[in-house]
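Notes to accompany the following structure.
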Amino acid sequence: MPKSEATMSVNFPFILLGILQLSPLQAVCLAICSVFAQCNFKVVKTFTPIQIIFNVANVTTATVLAWHTYAELLRLHMEIAPALSFAAVVYFFANTIPVALVVAWESHAAPFSQWLQDFPWYLPFYVVGAVLAALADLIGVVFGWMTSLLLIPMVYTVYRAYRAQMTMARDREQHIVEMEALHLRAIEGLAMAIEAKDQKTHRHLMRVRIYVSELGKIAGLDPSQMQALLTAALLHDIGKLAVPEHIINKPGKLTHEEFEKMKIHPVVGSHILERVRFPYPVVPIVRSHHEAWDGSGYPDGLKGEEIPIGARILTVVDCFDALASERPYRKAMPIDEAMAFVKSRAGIQFDPKIVQLLQERYCELEQQARKQIEEMEPLVTDLRIERGAAPGAGFEPEHAANQTEQQQGADDNSTAAATKRHYDSLNLIAAASQEANALFELSQMLGSSLSAHETSAMMSQRLQPLIPFDCFAVYVKSKAVLLPQYIDGPCTRAFSTQPIPIGAGLSGWVAQSGRPIVNGNPTVEPTFLTESGLMDSNSSALSITLFDLSGDVFGVLTIYSCQHAAFSRDHLRILQAIQPKFSLSLQNALRFRTAENDAKFDYLTQLPNMRSFFLQIDASVQKARAQELHFAVVVCDLNSFKAVNDRHGHLIGDQLLRTIAEAFRECCRPGDTVARMGGDEFVFLFPGMDAHSAHRPLKMVEEAVRRAGAKLQMEVNVTASIGVAIFPDDGESTEELLGAADGRMYIHKRNFYDLPPNGETRSFLEGLQAS
């Protein structure tokens, strides 16, 4: 059934009867009156004055043509019924053709296609109407006009049949609309899959769809071609699902091997979409959207009009919007420059006619695209799922890449446009000697410090004479991000110290792929600060991967320069030569820092140990003496902890200790310290606390122990025995304070079984102070 909002009025049998029995003027007046009645009686949508005028003019013309056709056929001695049938057919064409022209003009469709789509199925009703009009006239002549009124039920029957047909048509049309909406949502879902794979292309796909929609209408594509073009605009890059992510998101130019891999995506995309079996020709468009007008494109080398019209439109728009959009390896071009580039390729890469159409409308289409894109919500992929510790089959171990392959990858990724320096023979000899001496000195000095900061600073200082740069950055891999370990140089302010997700930006891509980048774009780094104004898209970056002893990636070294194409393959070679020594020195420094931190913290609870606590309390004693301040030392021992180990086992006991330690952290204020003394004993340091303000923190400690026991659903009632000492009331040295607090804790513990489990801490504290 046709998808059309057009309707047919029941007035045409009466107009045909008027043609049969009235003069031309009378028949026209009857037709005009019927139009006004049609436009104002039980209308679904209100008619505008322009529409009413058009309908009056259209029906008047059709009535006059039908009357003269009928009169001419009678003059030729044709019978009334056939003559009236011919007149009805003339009325049908005269009435429907102008309507089809107007509808086609408004929708930018082909007029003949529009007429074929909406109107031919009305013709049988016009013929039936002519028969009814002739029958009514015959009955009126033979039996009198009153008898012809008996035909009214027949007219009503025809009307009801028409109404039933229209209801069925609308139901089927609604079903078609719903199925098309479902189809479109499936297509948009596939487009979102492409977005999840290639985050840079989502807005590009949406903009391309808007552009091709308008250009397709201007080019006069039929509905099937138009739907295929709109679908292909969303799905033309679906074949990139078969291309590795590090190639798609590479922030630089592709190597020959990477481009060969990228070229498969039109073929893979067409194979994927063949399985969908679209009712319109999407597959040829997707397969051919990288073909060139002169035959130099891929994958099939089509040329000229051998390329499907949809693919020619998509190719022009795809290139235009890609130039006007951000890419990892360059900034977006202004749309005027992008249009000039596309125009320069007309007749070579693009269809000149399509380029001309785009040139006439690109400013208007750009405004329309920006408006619609602002209303869209991008796909959110930056999610964290808490549940799920590991896949059912376990994790696959990561294997180090072969060093030879990495060296080859480095050569492939080097940019041929790097600045070349011209030296004479003496300068080349001197430069080689200087490089050898500098590398030797750097190798000797690396490893002389166990500080990661000092090691990185030494590397930056000694590397500057060999490779001029404006910013030196070392990133260390931690789970799924790169953490800035060291950033130095005149352009340090161009980058923030936020983590870089693995695979994001220039350094993230190097960490993910294990391959270096020469003369990459620093502005694609997620941490780049545009407002600093220190670098732009013409700046350069050289980035290499840092490997540990097992060959796994543990960091990235990136140097940045404000100059364009500032780095060469020689610079890459120097970095790769010193990378093993620097990586080892940095890794040793990081391990030393980790070991140093481990020496200050309790392994089980991750709270500070007594070594760290003594340093903290000694500092607090000196500060309190100098400034006449108070602070409290609180010793806490768990009651019934041995019963927990006896009844539930030591693993549950360790879990209880970890839970209590976490609860203690939560109840501490900023500046407070909690440490584990050993076993089931903990000690607190509360700066600024005296005997009058000690009750509330001690109550929180008791409640924290109870909450931890309740959280683990212990059968044993675990509580806390607490002892407190106030500086300087109970002592002026670390030993005196800890001894006083420990003694009072044991007094509380001896009285534990004589006190209610929820005894008030205040009364106990007052008793301790009295003693």
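Cβ atoms here come from the backbone N, Cα and C positions, even for glycine.
Record features (TrEMBL):
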| type | residues | note |
| --- | --- | --- |
| TRANSMEM | 47-68 | transmembrane segment |
| TRANSMEM | 80-105 | transmembrane segment |
| TRANSMEM | 125-158 | transmembrane segment |
| DOMAIN | 179-374 | domain 'HD-GYP' |
| DOMAIN | 201-323 | domain 'HD' |
| REGION | 391-417 | region 'Disordered' |
| COMPBIAS | 401-417 | compositional bias 'Polar residues' |
| DOMAIN | 629-767 | domain 'GGDEF' |
Composition by DSSP (helix, strand, coil) of residues within the domain 'HD' (201-323): 81 helix, 0 strand, 42 coil
Spatial neighbours of the transmembrane segment (80-105) far in sequence, C-beta under 8 Å, 6+ residues away: 6, 12, 15-16, 19-20, 54, 58-59, 61-63, 65-67, 69-70, 73-74, 111, 113-115, 118-119, 122-123, 126-127, 129-131, 133-134, 137-138
Mean of pLDDT values spanning the domain 'GGDEF' (629-767): 83
Within the domain 'GGDEF' (629-767), residues counted as helix, strand or coil by DSSP: 73 helix, 31 strand, 35 coil
